[in-house]
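*Asks:* The following feature annotations were taken from TrEMBL:
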REGION    39-62  region 'Disordered'
COMPBIAS  39-48  compositional bias 'Low complexity'
TRANSMEM  80-98  transmembrane segment
TRANSMEM  110-129  transmembrane segment
TRANSMEM  136-155  transmembrane segment
TRANSMEM  161-185  transmembrane segment
TRANSMEM  197-221  transmembrane segment
TRANSMEM  233-252  transmembrane segment
TRANSMEM  273-292  transmembrane segment
TRANSMEM  312-329  transmembrane segment
TRANSMEM  336-356  transmembrane segment
TRANSMEM  362-387  transmembrane segment
TRANSMEM  399-420  transmembrane segment
TRANSMEM  432-452  transmembrane segment
Amino acid sequence: MDSPQAIDVEKRACILQEVHAVDNVGICPSRSSVTSSPVVHSPHCPTPRFSPDTDASVEDEHVPPDGGWRAWSQVLATHLINAMSWGYAASFGVYQLYYVDTLGLPSAQVSWVGSCQVFLTFGACAFSGRLADAGYARQTVIAGCCFAVLGAYTTSFCSEYWQIFLAQGVCTGIGLGIIFAPAISVASSYFNKNRSLALSVAATGTSLGGLVFPSTVQYLIPRVGFRWAARSAALVSLAICAGACALLRPCIPGRKTGSLIEWAAFKEPPYSLFAAASFLNFYGIYFGQFYINSFARNIMGFSSLESVNLLLLSNAVGIPVRPIVGLLANDYLGPINVFIMATASVGIMLFAWTGITTRTSMYIFSAFFGVAVSSNQGTFVPSLASLTKDPQKMGTRFGMVETLCSFATLAGPPTAGALIDRSGGQYVSAQIWGGSIMIAAALTVVASRIAATGWKWKVMI
């Protein structure tokens, strides 16, 4: 007969064996990892909580660490990816000034380069998101970074429209789209309780990149010429991409089976309504971001360089705003609730734009519009992530909505441009159109929220 001391020691050994697989700081545990070590059968050992006969769906349940260096390093990697994806895209206004003023290309023709770049950045997300879910997130990001840096570098050699379109519009656009969705998917998988805060901090990279790339190109063109300015931007891109690729580490095993599009997701009313709201959101929001510069030049009398400063101001205010709204969404209100208010605030700002008549008010408007847009974009990804419970489907479901939004981004600015042209160069009709679209988007998000929680307004979601 075993002594009580021996029994106690054996029980402790069994408990240590059970928790050994998850006692690893910074690594995402799963239920299956608990049973990875062989089980020593003893009459004194308690029944294992997760036996080999446990249902696979429970056995493979993902338990995110919600903190630690490994988790927050993925936020840093996604921060860098956002800086590349949307920061480089934000610099197109500076490139456009050079193409129109120096190369003499038509403004309407050049705008299609920027539209194509943004369209492909969104449009490639369904493909890259599914690859991320299959377990190829890091490989996909590396491939996308190669495309993005190659496009940024070859832009420096371009002097004809078709060359610019292929290099900056197509090659760079595909690269930016390939890297975006996998990074979001990986960062999301490391967090549960703190997901909204983590993704909002990662989204701060958009504002930081929106400062670095435009200011770099704007500063260098008159000093070293366009070619070396573009090459410098490509060098910055290379450094950002190298850092992101070095840090990015997927957390969960890949889901090899499954289609490119999960059609069943659209049968979920909260998800399908949010997808519709996302389409409206991106249909209207890029009007303001694309046309603030031209409004400042054509209506307010700003110089080209002064109009670029408005863009930098809008991006700068987003650096502190995104973490703040992320904290509100994470701890107090919920991401969808904050996203509703942020989307409505963008609509209100577009309506308020109709009253801008002085240079001072233009700067004030740019700052407040930057706050509204940063709040909107800082809570969009956490809101969409909150509607996906299975982390192995995060990339696919995120990519589906982003691909849908690609058509909105392609159609939105030309629609606004057509309204401006029909109004003889006046912006009022386009401003009212943009504000109405954003309010409609906010109301559609409200419908998605009701579909998810009913009429319980005090629920954090």
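Using the three backbone atoms N, Cα and C, a Cβ is placed for every residue, glycine included.
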*Asks:* When you look at the transmembrane segment (80-98) alongside the transmembrane segment (136-155), do they share 3+ Cβ pairs under 8 Å, ignoring any pair fewer than 6 residues apart in sequence?
*Replies:* yes
*Asks:* Can you tell me which parts of the same chain pack against the transmembrane segment (336-356), counting only residues 6+ beyond its ends and a CB-CB cutoff under 8 A?
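*Replies:* Counting only partners 6 or more residues beyond its ends, the transmembrane segment (336-356) has Cβ contacts under 8 Å with 274, 277, 281, 284-285, 287-288, 295, 300, 325, 328-329, 362, 365, 368-369, 371-373, 375-376, 378-380, 382-383, 386, 427-428, 431-432, 434-439, 441-442, 445-446, 448-449, 452, 460-461.
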*Asks:* How about the transmembrane segment (233-252) and the transmembrane segment (161-185): at least 3 CB pairs under 8 Å, pairs 6 or more apart in sequence, or not?
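*Replies:* Contact criterion met.
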*Asks:* Is the transmembrane segment (80-98) in contact with the transmembrane segment (161-185), using three or more Cβ pairs under 8 angstroms as the rule and ignoring pairs under 6 apart in sequence?
*Replies:* yes
*Asks:* Could you give the residue numbers and ranges of same-chain residues that sit at least 6 residues beyond the transmembrane segment (362-387) on either side and whose C-beta is under 8 angstroms from one of its C-beta atoms?
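*Replies:* For the transmembrane segment (362-387), the far contacts come to 184, 188, 195-196, 199-200, 203-204, 206-207, 268, 270-271, 274, 278, 281, 285, 288-289, 292, 296, 300, 302, 310-311, 313-318, 321-323, 325-326, 329-330, 334-336, 338-339, 341-343, 345-346, 348-349, 352-353, 356, 394, 397-398, 401, 445, 448, 452, 461.
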*Asks:* Tell me, please, if the transmembrane segment (273-292) and the transmembrane segment (399-420) are in contact, taking contact as 3+ Cβ pairs under 8 Å between residues separated by 6 or more positions?
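*Replies:* Yes, the transmembrane segment (273-292) contacts the transmembrane segment (399-420).
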*Asks:* Please check if the transmembrane segment (312-329) comes into contact with the transmembrane segment (399-420), where contact means 3 or more CB pairs closer than 8 Å and the residues in each pair are separated by 6 or more positions.
*Replies:* no
*Asks:* Let me spell it out: take the transmembrane segment (80-98), skip the flanking residues so only those 6+ beyond its ends count, and list any with a Cβ under 8 Å from a Cβ in it.
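*Replies:* The answer is 107, 110-111, 113-114, 117-118, 121, 141, 145, 148, 152, 155, 168, 172, 176-177, 179-180, 183, 202-206, 208-214, 216-218, 221, 226, 230, 233, 237, 240-241, 243-244, 247, 293, 304, 308, 311, 315.
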*Asks:* Could you pull out which residues elsewhere in the chain have a CB under 8 Å from any CB of the transmembrane segment (399-420), counting only those six or more residues past its ends?
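*Replies:* Those are 108, 111, 115-116, 118-130, 180-181, 261-262, 265, 274-275, 278-287, 290-291, 384, 426-427, 429-430, 433-434, in sequence order.
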*Asks:* Taking a Cβ cut-off under 8 Å, which residues six or more beyond the ends of the transmembrane segment (110-129) line up next to it in the same chain?
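*Replies:* Same-chain contacts beyond the ends: 85-86, 89, 92-93, 96, 99-100, 140, 144, 161, 164-165, 168-170, 172-174, 176-182, 185, 260-261, 282, 286, 290, 394-400, 402-403, 405-407, 409-410, 413-414, 417.
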